[in-house]
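The next block holds one structure in the form of C-alpha cells; read it before the comments.
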Amino acid sequence: MRLLDTATPSVSSIPIAPHATQPTETAMTITAQEALTRCIEHREIFHDEMLHLMRQIMQAQISPVMAAAILTGLRVKKETIGEISAAAQVMREFANKVEVTDRENFVDIVGTGGDGSHTFNISTASMFVAAAAGAKIAKHGNRGVSSKSGSADVLEALGVNIMLTPEQVGQCIAQTGIGFMFAPTHHPAMKNVAPIRKEMGVRTIFNILGPLTNPADAPNILMGVFHPDLVGIQVRVMQRLGAKHALVVYGKDGMDEVSLGAATLVGELKDGEVREYEIHPEDFGLSMISNRGLKVADAVESKAMLLEALGNVPGTPREIVSLNAGTALYAANVADSIEDGIRRAREAIASGAAREKLDHFVRATQQFK
C-alpha cells in the first residue's frame, strides 16, 4: 500500500471541482435564473441554495429547458463537493426509505458505472460472498445503461424478484442479510428528471448521485467510480453525508472496481478521517491478471461468470470477486483489513456458503410474487 500525496490537485478533464468555497452567508432560496448565472460566472451555488434548487428540479417546478441548462452549467463550471453533498441530501429526502433495525456490519457495494469496461457484475457477485461471510448488504442498483448488464439485469437472470416494496426489501435483509433496491422503485421522483437526462445524452451530476443515495442509508460503503478524480471527491462527500466507513476505489486500468489488472486508487473514510492510497494485487498475494477475460456481452453471460465465481471454479472471476468481496468485508467492519477480508471471502466461496446465500436470496424474493 502506498499513501498518496493529495495536497496538490491534479489537472483533469472531469467536470467536478474538488474543493468547495465556504460561504460567509447563504440565501435559503435561489431562482433558476440566478443559479444559471452563477454557473456561467463559475461561482458556487451554496448548500441551502442547492437544496432549494434540487427540490425544484425533482418536483418539476423548473422547466425542462432551464433544468437542462442548469445541469449543463454545473458540469461546465465543475460541481463542488458542497453542491454534490446537497444534491445527494435532496435525493435521499425524496427516496422511498428501507428501514433496517440491525445496522451492525451493514454495507452497500455499488459503482457509478460508466467505466466502459463491460465486465460481468463483479459487485453483485461480491455481495453474496460478503453476506455469506457476515456482512449485511443493502445494494442499490438499476438496469444497464453504459454497461452490457446492470445489477438488476443479472439478478433477474438469476431468478431474483427485483420489484420489491421498501418493506419487502427490509424483510429480505432481515431474513438473508441481503436487500436489493431497484432504483426506479425507490426514487420515484426521478421520473421528472429522466426525460431531461435522456434527451441531454451527456453526463450530469445525477451520474454520480446514485451511489450516494442508498434508500437504506447504509453507514458503510464500497463504491467504485469511473474516474480517478472522483476518488477524493466522493469519499469527502460521504464524509459530509455522515458515512462511518467508506472506501471509494478506481482501478487504474479504468475499472470502477478493485482491479486485478492494475493498481487501484483508494479513498478511505474511517473514524472521521480521510486518507488516500494505492493498492496492488501483489499486496494481497494475488497475481496481476488482465481483466480482458471478464468482459461479457449480456446478462446471460454475466450470470454464467458470476456462477463460476460463486461455484469456486478457479480463474479470474473467482479471484476478482474474492478481492472485491474482501474489500467490502473490510468496509463493513467484519474484517480488520482488506487482506483479512480476502481470506474470509475465499472461505465463503470454498465452503459453498456464497452459492447457498444466492439461492436463499432468490427464494426470499420470490415469496413476494
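Keep in mind that glycine also has a Cβ here, set from the backbone N, Cα and C atoms.
These numbers come from a predicted model, not from an experiment.
Sequence-distant neighbours of THR119 (5-phospho-alpha-D-ribose 1-diphosphate binding site): residues of the same chain at least 6 apart with a C-beta under 8 Å from its C-beta are MET255, GLU257, ASN291, LEU294, LYS295, VAL296. What Swiss-Prot records for GLY111, 114-115, THR119, 121-124, 139-147, SER151 is 5-phospho-alpha-D-ribose 1-diphosphate binding site.
ASN142 (anthranilate 1 binding site) carries neither a helix nor a strand DSSP state and counts as coil. Neighbour density for ASN142 (anthranilate 1 binding site): within 10 A of its CB lie 19 other CB atoms from the protein chains shown. Swiss-Prot lists GLY111, ASN142 with the feature anthranilate 1 binding site, giving sequence analysis as the kind of evidence.
Taken from Swiss-Prot, the feature Mg(2+) 1 binding site covers SER123, GLU257, and the record attributes it to sequence analysis.
If you look up Swiss-Prot, you'll see ARG197 marked as anthranilate 2 binding site. Around ARG197 (anthranilate 2 binding site), the C-beta neighbours below 8 angstroms that are at least 6 residues distant in the chain are LEU71, THR204, PHE206.
Using a 10 Å Cβ-Cβ cutoff, GLU257 (Mg(2+) 1 binding site) registers 28 neighbours. Marked as Mg(2+) 2 binding site by Swiss-Prot: ASP256, GLU257.
DSSP assigns GLY111 (5-phospho-alpha-D-ribose 1-diphosphate binding site) to a strand in the three-state reduction. Straight-line distance linking the Cα atoms of ASN142 (anthranilate 1 binding site) and ASP256 (Mg(2+) 2 binding site), rounded to a whole number, equals 16 Å.
Taking the Cβ of ARG143 (5-phospho-alpha-D-ribose 1-diphosphate binding site) as reference, residues of its chain lying under 8 Å away and at least six apart in sequence are, in sequence order, GLY150, ALA152, ASP153.
Residues near SER123 (5-phospho-alpha-D-ribose 1-diphosphate binding site) in space but far in sequence (CB under 8 A, at least 6 apart, same chain), listed by position: ILE109, VAL110, GLY111, LYS139, SER151, LEU222, GLY224, GLU257, ASN324.
Counting only the Cα atoms, the space from ASP256 (Mg(2+) 2 binding site) to HIS140 (5-phospho-alpha-D-ribose 1-diphosphate binding site) is about 15 angstrom.
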